[in-house]
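Note sheet for the following structure.
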Amino acid sequence: MLAGRDFLSNLDMTSAELRAVMDTAHSMKAGEWRAVKPLSGLSLALVFEKASLRTRTTFDVGMYQLGGHAITLSNTEIGLGTRERVSDVARNLERWVDGVMGRVYLQQTLVELAQHARIPVINGLSDMLHPAQLLADYQTIEEEFGQDLRGKRVVYIGDGNNLANSHIHMGILTGTDVTVVTPVGYEPNAGVLMDAVKAGVEVHLTNDLDAIQGADVLYTDVWISMGQEAEADIRRRAFRGYQVTPEMLETISPDGIFLHCLPAHYGEETVPEATEHPKSRVFDQAENRLHAQKALLYHVLGDMKPRW
């Protein structure tokens, strides 16, 4: 299974492995693991190039609840690729801790960490992908629609960014029908789209807002990600009209739900009335970061024993 392996992309799992993680996440949320400490004596380094609320809190609390320990390292302390080579950071951390979670600017940084560390590396966010977030997203979706999600319409509206890319990967694994609604020039990564082609999975790309109608899941994310501030005005103009509002939520399936990974830039990709709408599951989704990532940590680190 996933024991001892890197998790840089949702496609680092098989569908069966994803099912095992999801089942564990649901049982953890139900309180069935409250007295179990499978990661006792293990440590996880949390490496941050980007600011974080949900990623830092949930991985830290998750390790604690499973009996392990997390240590947070900011980029001002480490200087990935500046103060020290990424490979040297990896070869140091592997001597002290049992795994690394990285929330970084570039996917290549995680690839380098994984290449040089003999311990598992987990993607907590990169410019390319956000796979840990998608575990929480799909836990939330399963809470609404059950385990068999084949044919459910997941419509992502906004920037074809790391979230859109990871939604495509999850569509490959789960059989959801993924549509990305985005302005011309802001489509998902070409390599990720090729992953779908190779898997024989059709991804629907459009700039037609009518594609939202009847969606089972409507998902959005910020128009301006960290590091894109210089493009803010251009992006706001490009995405005008792509804002999720309560009126838009009335056009999705009657049983449909609205998700946003947060933080929300209110007045841009959505408004407070949407995240507070009866169809919103945004804060359930945020809670599930804890349960889904605990499940991931258990499956990746759970077979390890303390070295000292």
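Cβ atoms are placed via backbone N, Cα and C, with glycine included.
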Per Swiss-Prot: L-ornithine is bound by ASP221, SER225, MET226, and from ASN162, ASN165, ASN189, ASN207 the site also lists ASN162
Among ARG95, ARG103, ARG235, ARG236, Swiss-Prot assigns to the carbamoyl phosphate site of HIS130, PRO131, ALA132, GLN133, CYS261, LEU262, ARG289 just ARG103
ARG289 (carbamoyl phosphate binding site), DSSP three-state class -> helix
Reduced DSSP state (H/G/I helix, E/B strand, rest coil) at PRO131 (carbamoyl phosphate binding site) is helix
MET226 (L-ornithine binding site) and LEU262 (carbamoyl phosphate binding site), compared by Cα position, are separated in whole Å by 13
Between the C-alpha atoms of HIS130 (carbamoyl phosphate binding site) and SER225 (L-ornithine binding site), the distance in angstrom, to the nearest integer, is 13
Within 10 angstroms of the C-beta of ARG289 (carbamoyl phosphate binding site), the count of other C-beta atoms across all shown chains comes to 26
Check: min Cα-Cα distance from ALA132 (carbamoyl phosphate binding site) over binding-site residues ASN162, ASP221, SER225 goes to ASN162
Minimal Cβ count within 10 Å, across the binding-site residues ARG103, HIS130, points to ARG103
